[in-house]
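Read the structure below first, then the notes.
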């Protein structure tokens, strides 16, 4: 761990992260609020640091991996044939996704430890807020898993393992894609608990990656269940 990871370390560019980055609270131009936040973050974050790059790559790779493999399986059924069972093939893919998620979390933590922390976030109220995000995020992740089961969570529908209908019970009746947003809340909670601007920036990368993944996955999953619903009609 670098010395700059000590709690209360100064940002790498104090002028960039100073309190007047938006011209003072009385003169905030909300059209430039996002730029102000990014200026503050980049005052603490070195995007060229190897641990930060590794975290970004791990975050981006995971959904790319499971979408490419799942669509390849849906098109060819080669994994199911290799394992002589669609269920075993789905378990294998799910296991590999879990391992990659552990690697992603490890890279996320290492990136936070290797970069400066923010004194403004090192506060009991912020710590409590971080724990709240962790609690809510864990609730959404676990309840999603129990509602979907292992094969439902890990792309079983791409292996032909379909439910009677798409799940609409909690937490899916509260928000769409609760597994993704619960995971995002967990990363946000870890970032706040560790008073890490690097963690906040990486959480934004996680959220953006999931948004792209949802845009890519939702139409495909909807089409799978549309085809399932049409099969009885064709038989009749």
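Including glycine, each Cβ sits where the backbone N, Cα and C put it.
Both residue 165 and residue 229 are recorded by TrEMBL, but within differently named topological domains on opposite sides of the membrane. Your range for transmembrane segment, going by TrEMBL and the list 12-30, 31-49, 50-68, is 50-68.
One residue stands out among the binding-site residues 217, 218 for having the most other Cβ atoms within 10 Å of its Cβ: 217. The residues of the topological domain 'Lumenal' (71-82), classed with DSSP into helix (H, G, I), strand (E, B) and coil, number 11 helix, 0 strand, 1 coil. Beyond the transmembrane segment (187-216), the same-chain residues lying 6 or more positions past its ends with a Cβ under 8 Å from any Cβ of the stretch are 7, 11, 40-41, 43-45, 52, 55-56, 59-60, 62-63, 67, 108-109, 111-112, 114-119, 121-122, 126-127, 129-135, 137, 176-177, 180-181.
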